[in-house]
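Undergrad: This is the feature table in TrEMBL:
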- 6-26: transmembrane segment (TRANSMEM)
- 38-58: transmembrane segment (TRANSMEM)
- 70-93: transmembrane segment (TRANSMEM)
- 113-134: transmembrane segment (TRANSMEM)
- 158-183: transmembrane segment (TRANSMEM)
- 204-228: transmembrane segment (TRANSMEM)
- 264-290: transmembrane segment (TRANSMEM)
Amino acid sequence: MANLDYPLFPIFAFFGFVLPLVPLPWHLQAWNSGTCFYIFWASLSCLNQFVNSLIWKGNVINSAPVWCEISIRITMATTVALPAASFCIVRRLYGIAAIRRASISYAEKRRGVIIDSLICGLLPMIYLALQYIVQGHRFNIYEDIGCMPALYNTIPTYFITFSWTLLFGLGSAIYFLSLRAFAQRRLEFAQFMSTNKTLSFSRYFRLMALAMTEMMFTLPLTILLIWLSATQSPVQPWISLANTHIDFSRVDQYPSVVYNANPLFVLGILFTRWASVACALIFFAFFGFAEEARRHYVLWYRASLRFVGIKSSDTAM
């Protein structure tokens, strides 16, 4: 499997790490906290997978155990953080579409940022802490893939691990009632947009398209992973935390010849590792070529010319 997407995967993962950071400054300026968290988690996930794909290319040696401890936590946190950020984006869009007045106060913006920070920052940390309950041992290393969490296939795993992404995905779907609110309150919505300097109609609908795309990734991928977990290995009975953590310090290592013998497992790995890269690149596709992005590129270009002592005219671009 891995030979088929090397070096394609690390190249795309690197671009998935870098490119979403480009639109970050103007989303910070616009107080788009959900979008900023989406950028952070998507870029971090791609960086994590990029490093893993290089270190464990052609080997399963436990050469970086500290990195693996960090890496599996990034992997697990991102699993819920990206759907959470998408949920925050569509929740904000719903609030804008249902707006009853022409502006939002500073206090309301600050409250929105705090709520988004709790959802996209605190909840993933709680999720990480809960994973310890169903973590069978330290981690697994897969050749050409890298470090992966080692979760015990037992009934609590399906509630502790998989239910979060399903709930955020369903919550995002419900919030897409913003389309209905938008249709019902066109006048108030238009007044709000006309007075808002940081959110245009174009950016609003690009955010909506991003959230819809992420939701289309989240729900099918989560259902696929649940199905694979339930069918590819026996679901073990939950006995106790001590039983789950027997020989907890071990690290299981899987050469590609071993896991390639299970095509469905390979399918799950492919979907999982490419999903975050796809989310990052799709984000850049939506926002990296927009009007405000092109305007910033021109400003950066002129600033770079001035830095090296070259004067640019307004028609230089």
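Cβ from N, Cα, C; glycine included.
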Undergrad: Can you tell me which parts of the same chain pack against the transmembrane segment (38-58), counting only residues 6+ beyond its ends and a CB-CB cutoff under 8 A?
TA: 2, 6, 9-10, 13-18, 20-21, 23-24, 27, 64, 67, 71, 74-75, 77-78, 81-82, 85-86, 89, 120, 124, 141-147, 210, 214, 273, 276-277, 279-280, 283
Undergrad: The transmembrane segment (6-26): which same-chain residues, six or more beyond its ends, come within Cβ distance under 8 Å?
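TA: The answer is 36, 38-39, 42-47, 49-50, 53-54, 57, 144, 198, 273-274, 276-277, 280-281, 283-284, 287-288, 290, 292-293, 296.
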Undergrad: Same chain, outside the transmembrane segment (70-93) by at least 6, Cβ under 8 Å from its Cβ: which residues?
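TA: For the transmembrane segment (70-93), the list is 32-35, 37-38, 41-42, 44-45, 48, 51-52, 112, 115-116, 119-120, 123-125, 127-128, 131, 139, 146-149, 161, 164-165, 168-169, 171-172, 175-176, 178, 204, 207-208, 210-211, 214-215, 218, 276, 279.
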